[in-house]
Amino acid sequence: MIEDKNPQRTQLSDLGEFGLIDHLTQHFKIKQSSTLKGIGDDAAVLDFGKKRVVVTTDLLVEGVHFDLSYVPLKHLGYKSIVVNLSDVYAMNAEATQVTVSIAVSNRFPLEALEEIYAGIETAANVYGIDVIGGDTTSSTTGLLISVTAMGTVDAEKEVYRNGAKPNDLLVVSGDVGAAYMGLQVLEREKEVYKVNPNNQPDLEPYTYIIERQLKPEARKDIPQLLAELDVKPTAMIDISDGLSSEIIHICKQSEVGCDLYEEKIPLDPQVISTCEEFDIDSTTVALNGGEDYELLFTISQDDYAKIKANPHLTVIGHIKQASEGLHLVTRADTRIPIKAQGWKNFND
Ligand SMILES: [Mg+2]
């Protein structure tokens with residue numbers, strides 16, 4: 001429906017594997033001083049000196065993680081990079097390099113891969129990282145994209161999921177729930193399109209939430225901001241699966257409990273209005289929606305004054321003893337246990 005129907009179709013077999021890699025990566029330029037050798041040898045060579053190196057990898061599968069009927073290929077390339085960088089920033093690290101591997105079936109011509117790589121290149125430029133290698137191969141079932149991201153961090157700045165302490169504050173960047181509601185709108189328009197392909201959807205009221213779904217951004221700015229504010233989180237994670245699941249990860253690994261305040265959860269007005277339109281509870285969406293790629297972290301109460309006026313950060317709760325459990329404190333002041341997807345069932 002949104003996809004650009006490019007009439008040109010160059011068979012991948014015309015280029016060969018190495019010709020294809022050269023063609024797709026010819027415009028990639030080295031930006032990081034740690035990249036000694038990028039694409040073009042048997043392996044990339046990186047020099048991180050005395051820094052810690054963080055590595056993370058993700059596999060995106062057509063039909064499981066994305067639907068090409070409404071995800072433009074360029075956005076898919078962009079998002080495949082962003083979701084990996086988000087995991088690097090969640091370690092309080094700086095992202096530096098990625099490798100990208102793609103498997104495609106013969107229904108994808110060269111022009112489709114060029115679109116994906118244009119998105120990858122845009123993300124590499126926006127985030128200042130180098131694409132240093134990867135693989136391309138054929139697939140019988142559809143499109144697969146695997147990205148590995150690398151980054152560096154000073155040993156004393158590294159943040160894991162397991163450092164939250166009782167009385168720490170629970171903080172989230174940006175707002176949550178928008179990517180999930182963007183997906184609901186896109187799924188609805190897909191069904192409308194199936195019935196009437198000539199129908200032009202009016203997506204104007206949903207621009208923010210659709211962008212959050214199709215072209216999410218990773219919070220590169222948050223580790224930088226925290227360094228400027230002289231705040232080191234005690235634990236941190238990125239929000240890929242929804243607030244409740246990420247809170248559970250931090251609390252389990254830190255062996256603590258927490259109170260999360262429903263009224264504090266930051267929601268964009270478009271999320272609230274779209275939830276009303278779809279008759280979905282916005283708190284359920286924030287807790288269980290996912291794909292927001294915001295950062296969720298805990299800080300010592302002593303650091304509260306440093307972050308309290310910041311428009312990018314919201315305190316949404318605090319850490320308690322493990323024995324006190326994990327709870328959502330609702331607007332009506334009732335306490336509901338936080339479970340992975342559990343609150344949704346409770347609501348039903
Ligand atoms: Mg993560």
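Here the Cβ of each residue, glycine as well, is placed from N, Cα and C on the backbone.
Take the Mg(2+) 3 site that TrEMBL assigns to Asp42, Asp87: the candidate from Asp230, Asp238, Asp241, Asp259 listed for it is Asp238. Here the CA atom of Asp135 (Mg(2+) 1 binding site) lies 13 Å from the CA atom of Tyr117 (ATP binding site). Ligand 1 lies within reach of Asp87, Asp238 from the binding-site residues Asp87, Gly134, Arg161, Asp238, judged by a C-beta closer than 6 angstroms to any of its atoms. Secondary structure at His65 (substrate binding site), taken from DSSP and collapsed to helix, strand or coil, is coil. Each of Leu59, Asn84, Thr99, Val100, Ser101, Ile145, Ser146, Val147, Thr148 belongs to the same chain as Thr57, Asp58, Asp135, is absent from that list, and has a C-beta within 8 angstroms of the C-beta centroid marking the Mg(2+) 1 site. Ranking the binding-site residues Asp58, Asp87, Asp241 by Cα distance from Glu291 (substrate binding site) puts Asp241 first.
The binding-site residues shown are Asp42, Thr57, Asp135, Asp238; of these, the one with its CA atom nearest the CA of Arg161 (ATP binding site) is Asp238. Thr57 (Mg(2+) 1 binding site) has Asp87 nearby among the binding-site residues Asp42, Asp87, Gly134, Ser240, counting only those with a Cα within 10 angstroms of its own Cα.
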